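These features come from TrEMBL:
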DOMAIN    5-100  domain 'Pyrroline-5-carboxylate reductase catalytic N-terminal'
BINDING   ILE9, GLY10, GLY11, GLY12, ASN13, MET14, ALA70, VAL71, LYS72, PRO73  NADP(+) binding site
BINDING   ASN57  NADPH binding site
DOMAIN    164-268  domain 'Pyrroline-5-carboxylate reductase dimerisation'
Amino acid sequence: MNTKTIGFIGGGNMATSLMRGLIASGHSPQQIWVSDTVPETLQAHADQLHVNIAADNANIVNEADVVVLAVKPQTLRDVCLQIAPQLKQKNVLVVSIAAGISQQSLALWLGANTAIVRCMPNTPALVQTGATALHANPQVNDEQKDLAENILRAVGLTLWFGDEAQLDAVTAVSGSGPAYFFLLMEAMERAALELGLDEHSARLLIQQTALGAAKIALESAESPAQLRARVTSPGGTTQQAVETFLQHGFVDLVAKALHAARDRSIEMSKQLGAD
Ligand SMILES: NC(=O)C1=CN([C@@H]2O[C@H](COP(=O)(O)OP(=O)(O)OC[C@H]3O[C@@H](n4cnc5c(N)ncnc54)[C@H](O)[C@@H]3O)[C@@H](O)[C@H]2O)C=CC1
Ligand SMILES: O=C(O)[C@@H]1CCC=N1
């Protein structure tokens, strides 16, 4: 585990997932700093995670070897402009997890010489099963690349992308992806209740089925289509369900949803980006 000090600006959902994942994988809470505008949020992190807290974002830049920007995309410009003067005096790696904020915007706000890794994690980082795509700007050296990768690998899978444009697609696939699986679980649970199962049993069966399906998919060399065929006995129950999904445009619907998420990521880069 790396011994660098990691500072988070913004202590919300994603930062909490990352901090918990880092601590669970052996990173000392003493080497984690977090700032937030909400005092209760900070106190909760001090009480529950035993990390160092700061009300002022400037303290994070002072203390950390790597600063993780974990505020909402809409707030990022102000935060970057606030810390930019300090970054000019201290060679700190900046890692941004904000959806739809480009390297170009980050460099404009933080300073052209800043080493920046833009990445797209997801919430399963909380249980060390995250998936994160990373993109480094040319100012990032090999040691800093390793540092960024080590932070995100502590909470799951990491994949580098040379082409930054692909991060918009990644946001639509894995960044937002957990919500799609939760939506399917939600819909299955509702249907299960209609079919007469009690809530507790329905939820347990669906959770375990989702886990089992994901495990098989990860461990098998077969494609999802092949794995689906294995569950589907000709003339049986699965075939009835799958045909119902397909007849009602399930595949096109999923494509439409992912395109909408990707397009929103591009739109956010334009709306919230450098000006
Ligand atoms: N939630 C998700 O599934 C994912 C989120 N992201 C990105 O992660 C970033 C954070 O998202 P969430 O954690 O979901 O949001 P969140 O709203 O839970 O957390 C943001 C935190 O920033 C704090 N904050 C606001 N202004 C601040 C300031 N000026 N200085 C310091 N802290 C400030 C807020 O009080 C809040 O605690 C976003 O940019 C989002 O695009 C990326 C991947 C997945
Ligand atoms: O919904 C969002 O904008 C963020 C980015 C990916 C997941 N949550």
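Heads up, the Cβ atoms here are built off N, Cα and C, so glycines get one too.
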Check your understanding: Once the chains shown are all counted, how many other Cβ atoms turn up within 10 Å of the Cβ of ALA70 (NADP(+) binding site)?
Key -> 27
Practice item. According to DSSP, folded down to helix, strand and coil, what is ILE9 (NADP(+) binding site)? Key: strand
Check your understanding: How does the model score the domain 'Pyrroline-5-carboxylate reductase dimerisation' (164-268) in terms of mean pLDDT?
Key -> 97
**Study point:** Cβ-based isolation winner (fewest other Cβ atoms within 10 Å) among the binding-site residues ASN13, ASN57
**Key:** ASN13
Exercise for review: Tell me, in order along the sequence, which binding-site residues from ILE9, GLY11, ASN13, ALA70, LYS72 have their CA within 10 Å of ASN57 (NADPH binding site).
Suggested key: ILE9
Practice item. By Cβ count within 10 Å, point out the most packed of the binding-site residues listed: ILE9, GLY11, LYS72. Key: ILE9
Revision key, fill the gap. Helix, strand and coil residue totals from DSSP for the domain 'Pyrroline-5-carboxylate reductase dimerisation' (164-268) stand at 87 helix, 0 strand, 18 coil
Review point. What three-state class does DSSP give ALA70 (NADP(+) binding site)?
Key: coil
